[in-house]
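Participant: Sharing the record's features from TrEMBL:
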| type | residues | note |
| --- | --- | --- |
| SIGNAL | 1-23 | signal peptide |
| DISULFID | CYS30-CYS178 | disulfide bond |
| DISULFID | CYS52-CYS56 | disulfide bond |
Amino acid sequence: MFHGSGLFALLVMVLDWTRPGLSSPLRPICDLRVLDHFIKEAWDAEAAVRACKDACSIATNFTLPLTRVDFDVWEAMNIEERAQEVQSGLHVLNEAISSLQASNQTDVLQSHIDASISNIASIRQVLRSLSIPEYVPPTSGGEDKEMQKVSSISELFQVHINFLRGKVRLLLANAPVCRQGVS
């Protein structure tokens, strides 16, 4: 498996969608199959953790974003609020997964950790291509969103999967730039 497979997938899609010699702006990536690729890799990482059991354990708690979606609340939010929730969640997930890099995991798990970090960076790039506002950390220093605590790497990757399948998918599926051509 490629260490930068998420970045590789994004690069292939970008190159496929651009035409050599034209100076037109990059088209936004509105195809949810891009996200499906990242979800599949998150599933693979979670499966790898389950397979290695005790060898892939770490004695720490992770603070992660909630993955449940209250659709009434979500629909009442504007695009900036939704983007902020997704971007802050991706930031927290990235921090938690990045913390695993120094935990002396197996080579297989380390490759999944590296791929997950790369995939989150690629998802952020996809969001930028859709003109979705980037994450701005709160200046108050306090947590502004509800969080959950998990105590295993397997649970961390389960939250990662559910966050991608839920809030990230909802944000991408309803991105204004992707809906402009839909009538």
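Using the three backbone atoms N, Cα and C, a Cβ is placed for every residue, glycine included.
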Participant: For CYS56 (disulfide bond), which residues in the same chain are close in space, meaning a Cβ under 8 Å from its Cβ, but six or more apart along the sequence?
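Facilitator: Listed in sequence order, they are ALA48, VAL49, GLN105, THR106, LEU109, ILE153, SER154.
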Participant: Give me the count of other Cβ atoms within 10 A of the Cβ belonging to CYS52 (disulfide bond).
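Facilitator: Excluding its own Cβ, the number within 10 Å is 16.
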Participant: What's the CA to CA span in angstrom from CYS178 (disulfide bond) over to CYS52 (disulfide bond)?
Facilitator: 40
Participant: Work out how many Å separate CYS52 (disulfide bond) and CYS30 (disulfide bond) at their Cα atoms, rounded off.
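Facilitator: Between the Cα atoms of CYS52 (disulfide bond) and CYS30 (disulfide bond), the distance comes to 36 Å.
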Participant: Within the chain of CYS30 (disulfide bond), which residues six or more apart in sequence place their C-beta under 8 angstroms from its C-beta?
Facilitator: LEU130, LEU172, ALA175, VAL177, CYS178
